[in-house]
Every structure is written in structure tokens, then in C-alpha cells.
Amino acid sequence: MDLLLPGVAAAFLLAGTVKGISGMGLPTVAIALLGVVMPPAAAAALLVVPSLATNVMQCLGPYLRRTVATLWPMWLGIVLGALFTPFPKLASGAASARIGLGVVLLVYSAYGLARPAMRLRLSAGWMLAVAFLVGCVTGVMAAATGVFFFPMVVFLQSLEMDKDELVQALGISFTVSTVALAASLGFRTSWQAAWSAPGLLAIVFAFAGMAVGTRLRRRTPAAAFRKVLFIVFAILGAVMIGQELA
């Protein structure tokens, strides 16, 4: 228990730094680090408010109308998938949550290191259908593991958006996903976690990390940074699986 507060501070400082450098990754880094030393449900409850707070500015931009017109089915699917998932939720405390989180981290690491070039060109009708399916899978994954980057981020990166439009789309999508995760965990649980000592510390250090990351952004080689980050995700995923299977 004595190590809880320093652990939370370190995890969110690093997670905020990653977000400051890359514009994404705070929930993934935070839950990947904390999930090794605490139940994933507890880690997910701690990240709800910091994730929301750090995504607000990212939601703003000139592409809102076009983004909503394209991605609203995905956001709807995220909410429905998180609330009505057929799999055990994080809040159930099932051992499968940590194993699932570990598997997702390994899969995402493999994708990130391989970096396959994918471009999705579909008719408007098919795009809405695929977006809804991607949202449902993302919501189910969020409710079961606490992370909501897969397959949502892969889908968004496959669309032909310019950089600023993608950043705004990611910000709104992360915000919707965080709210869906909070609903899956229970808003009361998330609210209580936010106002606990670890929760308040998480908010402070997430913003501190973002400030550090923003300053480091221009000095950090993007390719090398991504490679190290995905390797760390793979190691943490393997550790989580090993903990449950040992």
C-alpha cells in the first residue's frame, strides 16, 4: 500500500508524457503499467477522469461536422459494445481480464512494430457499417480489458484523413470510449476513484507528463519512440499473462 501512490504517480507521469509526445496512449500506458500491480478494473477506474480531462482540447477543431458524419456509427457501437458485451466485464474481477489485457497488448504491439500500410476505401453505406462493427468490437474490448485503442485506432489510421483531422477524430473517439468505459465500470465507481488520493494524483501527474511530452515532442525521433513503446507494451502484456498462468 505504501508503494501505491508513488506507483500511480510514476505510471501517469509516463502515460502523460507519451500522450504529450504522440497525441495518444495515456489510457493504454497507464493501464498497462498499473495492471501489473493492481486489478485492471481498479486501474481503469483511475484513468477515466485523467483520460477525459486530457482529451478535451484534442476534440476541438474545424473538422467536427465531417467527423461526426463519418464516425457516429463507430461511437454508437462503442457505447453499445461496452454496455452489452457478452464477455465478463472488468468490474466482475474475472482473472480473464488481465489475460485479455495482456493478449490485446501483445497483438497491438505486433501491429505497431509491423506497421502495415492499410488504406480503407469503401462506399458511404459500407463505411457506416464497418464503422459500427469496429465500434462494437472496441466497446467489447474496453469493457473486458479497460483499453479501447484496438481496433478503433487501426481503423481511424486506415482512413484518408490529414494529420489535424485524425488528431481531432482520435480525441473525440477517445472521449466517447472513456465515457463508455466509465458506464461499464459504473459511474459511481469512476467518480469515487477520481476523488481518492490516487485519483487526484493521477490527474496532476497526467497533466505534468503531458507538459513534459509536449516539450520533448520535437526532440524525440518518432520512429524510435514508437518502436520502444510497442516493445514495452509487449513485455507488459507477456508479464500479465504470465502472472495469471503461473
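Using N, Cα and C of the backbone, Cβ positions are placed for all residues, glycine too.
A quick note: this is a predicted structure, and the numbers were derived from the prediction, not measured.
As given in TrEMBL:
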- 30-56: transmembrane segment (TRANSMEM)
- 68-87: transmembrane segment (TRANSMEM)
- 93-114: transmembrane segment (TRANSMEM)
- 126-154: transmembrane segment (TRANSMEM)
- 166-187: transmembrane segment (TRANSMEM)
- 194-212: transmembrane segment (TRANSMEM)
- 224-242: transmembrane segment (TRANSMEM)
- Query: Can we call the transmembrane segment (126-154) and the transmembrane segment (68-87) in contact, meaning three or more C-beta pairs below 8 angstroms at a sequence separation of 6+?
  - Reply: yes
Ranking 30-56, 68-87, 93-114, 224-242 by Cβ pairs under 8 Å to the transmembrane segment (166-187) puts first 68-87
| message | Let me check one thing: do the transmembrane segment (194-212) and the transmembrane segment (30-56) come into contact, meaning three or more Cβ pairs under 8 Å with sequence separation of at least 6? | response | yes
For the transmembrane segment (93-114), the distant same-chain contacts (Cβ-Cβ under 8 Å, at least six residues beyond its ends) come to 28, 31-32, 35, 39-41, 87, 141, 144-147, 149-150, 154, 226-227, 229-231, 233-234, 236-241, 243-245
